[in-house]
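Just below is one structure, and these are the notes that go with it.
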Amino acid sequence: MTEESSLHLQVQRQSIHIGARAVGTPQRWDRHHPPLETEQGRILDMATTNPSQLLLLADHIKLSLLERQRAISLDLEPNSHDGQISRSLDSLKAGIEQLESHASGWDDPLNPTVEQQSTADHLARLKEQYTDLHSQFHGHPNPNPNVPSTLTQPNDPSLAADFTNVQKASKLSKSVRFTNGPSAASQPPKTSRYAPYRDDPAEAAPDHSALDNQQIHEYHKSVISEQDEHLDRLGQSIGRQRELSIQIGDELDSQVDLLEEVGERVDRHQSQLDGASKRLTTFARKAKENWSLTTIVTLIIILVLLIIITKR
């Protein structure tokens with residue numbers, strides 16, 4: 001498997017993981033199989049100072065933050081994504097700093113070229129979006145309340161529909177109401193004496209010992225309906241992440257082509273320099289070998305000229 005194929009596979013695996021967390025799939029730490037956020041962090045660390053790649057990384061962070069907000073709205077724990085989002089923000093900040101360092105070395109900053117002006121515009125957008133995303137992630141208020149948030153505004157217009165679909169996800173109520181059976185308040189509290197042991201009591205299933213068959217049937221029916229809706233959103237999330245991984249792969253392909261072209265040009269210039277060096281070495285060696293003969297011929301010519309002049 002090539003490096004690019006491995007990269008696509010890692011991005012797709014991370015997409016499935018994000019969707020699973022969004023619908024509340026339990027996740028546990030396994031020392032032998034670390035979470036996929038670690039693999040996604042290594043992928044994002046590969047982002048270069050290319051403005052288009054940094055804008056694509058910013059879109060990825062926006063989608064991750066929107067997924068995080070949706071998980072919070074569903075009363076799920078989004079902490080498993082915090083490390084990945086933090087690493088993504090660090091990668092974006094490092095790319096912005098490298099772009100600023102590159103821009104400071106321009107020959108004439110007051111009269112930039114078209115490419116330099118485009119880079120400067122992208123840099124301003126990236127800095128604004130980084131400030132907004134950093135504030136959104138850490139829960140700080142918007143430092144510029146008069147400026148709308150960039151979290152819901154994709155840099156790539158083709159992702160507008162995906163951002164809209166993410167924002168349409170509403171908070172689902174997990175409470176179950178029963179009207180046909182006796183109320184829970186009128187029944188004495190009951191606990192299961194033989195309930196299975198769980199490491200985390202918060203993850204324990206609800207106690208159904210106080211419910212009759214009709215209530216349990218209604219409860220399971222509502223759970224199945226909710227899981228169907230979660231699976232639909234999971235499919236949409238996987239589709240969005242797949243499109244994002246394809247765009248990342250296209251960017252990597254273009255960068256590889258540019259690197260190959262630069263390598264070919266360097267090889268050609270190196271061969272030209274080697275040929276010039278060989279010619280200079282040959283000329284110096286021949287000049288050194290024929291120095292004595294050249295001196296004798298020059299003296300003979302001078303002597304002949306002197307003889308001709310004196311005879312006149």
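Quick reminder: no glycine exception, Cβ is built from N, Cα and C everywhere.
What TrEMBL says about this protein:
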| type | residues | note |
| --- | --- | --- |
| COMPBIAS | 147-156 | compositional bias 'Polar residues' |
| COMPBIAS | 172-190 | compositional bias 'Polar residues' |
| COMPBIAS | 196-207 | compositional bias 'Basic and acidic residues' |
| DOMAIN | 221-283 | domain 'T-SNARE coiled-coil homology' |
| REGION | 134-159 | region 'Disordered' |
| REGION | 172-207 | region 'Disordered' |
| TRANSMEM | 291-309 | transmembrane segment |
- Note on the structure: In the domain 'T-SNARE coiled-coil homology' (221-283), averaged pLDDT is 93
- Message: Based on DSSP, tally up the residues of the domain 'T-SNARE coiled-coil homology' (221-283) by helix, strand and coil.
- Response: 63 helix, 0 strand, 0 coil
- Query: What are the helix, strand and coil residue counts for the compositional bias 'Polar residues' (147-156) according to DSSP?
  - Reply: 0 helix, 0 strand, 10 coil
